[in-house]
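Take a look at the structure below.
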Amino acid sequence: MISTRRHRVLIIGAPYDNFKSMDDLLSRTRAAVWHPCTQMKDLEATPPLAIARGEGPWLIDTAGRRYVDAISSWWVNLFGHCNPRINAAITDQLGRIEHVMLAGATHEPVVALSERLSALTALGHAFYASDGASATEIALKMSAHYWRNTGRPEKNAFVSLQNGYHGETVGALSVTDIPLFRATYEPLLRHSARVPSPDARLAASGESPAAFAERCAAALEAHLAAHAETTAALIVEPLVQGAAGMAMYDPIYLTRARELCDRYEVHLIADEIAVGFGRSGTMFAFEQAPLPGGPAPKPVRPDFICLSKGITGGYLPLSSVLTTDSVYAAFYGDETARGFLHSHSYTGNPLACRAALAVLDLFEQDDVIAANRAKAATFTTILAPVRAHRRVRHFRRCGMIWAFDVAGATPGFAARFHRAALAQGVFVRPIGNVVYVMPPYVTGDDEMRQVCDALLACLDAPEV
Ligand SMILES: *Cc1c(COP(=O)(O)O)cnc(C)c1O
């Protein structure tokens, strides 16, 4: 029996007594569920983990085995599984109102969250959706619609970075540059331009990451000089290109991108879906862009910021797009079609907003950004043997993300490494030959030591 005693109470909709064994669950998941980002046939060799419970940084399977969730359940979890303080916030909200549509109605959680996100980002009027890709779609549509409302409808093209990732719905995929996700759907996508990625691994030998970022900014300038008349926005993942394999770059690129977007009248969209909420070491990665010189430096901020993933601590689907007052003002007026008529059924869901408010409270009450700085230094020391391993190249860190490339990785490396790490009680999913660790912020030193030992064992395993 998979069920635990506390699930024996008769709760309607509770599935727990229907599953006879872990094998029963695994065969039924293959028969009934279409898993994301998965060739389903691969589940024959690599069955998914059958998870019964979570506890802080731990995932616990139906046989009671424990795994460190070293990639925060696809980068969403910040404060661990079943966090009592987030649980309490959602439970409180459940007794009030679970959901109400946000057109023609409003509620305290969505207003409070919008005010706090605005204070944190220096942008205003938070628009909501349920996932990251939708946030990308919203930012792209808002940008193009802004130019239309201001009499420049020809400005409707987008430019993004090589190897960038902004989600996989058709609009988001058109600014995503990961061939594995994109190539098949190419005929469905609108053409959009790519400029070189400042990924520090691509620097010439002897060239500093900052010098390389400047060189990439020059390529961006060349593109904008030729195409600004038809370009609505540049979209970037600030500091870390996650799906590209945790490619990290120098923050000067963001400063230059801001300057160029100002000069060429192009919006700058910061996709902070993965790096927001402390992941990069600051609340938002954009905060690390150095101020441009001159007598009165303007704060470096994007025109749009896309947030999701960690926003609810990994509890509930929620995303948000915030923008400047001047963009907002261009939509305001008597004419309906000047307004932004986009919507999703679950826009501004109160339960998700309460989870997000609890997350922001945790950041404040526990001074999480400062605490993570100390934690990251300790984790980097713990991971020193990995950094020194003979197969490890380009060991890198940004905030609470560690990554390295593995030399000599052959096809199928990622799946083999994943399986070998599971045997060591660690859940990781390499991207190609890149192994990364992106732990929940509640991860302790002992758990990180277990991750380190597992990575070393996998790097040395003959079958990996
Ligand atoms: C995950 C991610 C997205 C897409 O978010 P979904 O919720 O998976 O649709 C977009 N941009 C970045 C940078 C991401 O990491």
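From the backbone N, Cα and C atoms, a Cβ is placed for every residue, glycine too.
A TrEMBL annotation is a machine prediction, not a hand-curated record.
Sequence annotations record features per position, and here TrEMBL assigns substrate binding site to Trp74, Tyr165, Lys309, Ser343, Arg429. According to TrEMBL, the pyridoxal 5'-phosphate binding site annotation covers Gly132, Ala133, Asp271, His344, Ser345. Per TrEMBL, the feature N6-(pyridoxal phosphate)lysine maps to Lys309.
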_Which binding-site residues sit within 10 Å of Tyr165 (substrate binding site) - Cα, from Asp271, His344, Ser345_ = Asp271
_I'd like to know which of the binding-site residues listed (Trp74, Ser343, Ser345) lie near ligand 1, counting only a CB under 6 Å away._
none
*Can you see whether DSSP assigns Arg429 (substrate binding site) to helix, strand or coil?*
coil
*Arg429 (substrate binding site): which of the binding-site residues Gly132, His344, Ser345 is the nearest Cα neighbour?*
Gly132
*Could you give the maximum C-alpha to C-alpha distance in Å for the residues Trp74, Tyr165, Lys309, Ser343, Arg429 that bind substrate per the record?*
33
*What is the biggest Cα to Cα gap, in Å, among Gly132, Ala133, Asp271, His344, Ser345, the residues listed as binding pyridoxal 5'-phosphate?*
23
